[in-house]
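Heads up: the structure comes next, in structure tokens.
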Amino acid sequence: MKRVSTPAGWKARWYRQKRNEAISRLTDGRINVLIATDVAARGIDIADVSHVFNFDLPRTADIYLHRIGRTGRAGKKGTAISLVEAHDHLLLGKIGRYIEEPLKARVIDELRPTTRAPSEKQTGKPSKKVLAKRAEKKEKEKEKPRVKKRHRDTKNIGKRRKPSAADAPQKSNEE
């Protein structure tokens, strides 16, 4: 069996070369679509990118802003389209608040969701049921006498001593 060794960094150089080839094909006009991961897209500065598609919504608004920053450079218009699943719907609202611009939600007929998104009703206020439980819990706390839990009452202090003779009750011999 023959062992083949590759120099360290060979794979990274190969990936960089393939990445640069793909970018040059895009800028030359030989291809018009480039699909890249977050890591592969780092540092790409291509003029006239019209659309960015997010197939997975990023976990933070900073990463989202970095992703969509690939489009609309130098004052030009660009479009960012994110495919959002039901469990990411609240994150989409947080991203909209972060970038201080409303994000339009649309449903594509061919990609109709199988699960429902949470309702828009969520205001951050607890429900009446939760408020009632909290009030009931406070009432129970008021009724209980508060017991001090001191460390010195619970620590192991060794063998108990018998009270000294001076402290013991005296027997009377007057009978």
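Numbering starts at 1 and runs along the chain as displayed.
Quick reminder: no glycine exception, Cβ is built from N, Cα and C everywhere.
What TrEMBL says about this protein:
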- 1-119: domain 'Helicase C-terminal' (DOMAIN)
- 110-123: compositional bias 'Basic and acidic residues' (COMPBIAS)
- 110-175: region 'Disordered' (REGION)
- 133-144: compositional bias 'Basic and acidic residues' (COMPBIAS)
- 145-163: compositional bias 'Basic residues' (COMPBIAS)
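In the domain 'Helicase C-terminal' (1-119), helix, strand and coil residues by DSSP number 50 helix, 8 strand, 61 coil. Model confidence over the domain 'Helicase C-terminal' (1-119) is summarised by a mean pLDDT of 78. Within the compositional bias 'Basic and acidic residues' (133-144), the DSSP-based counts of helix, strand and coil residues read 11 helix, 0 strand, 1 coil.
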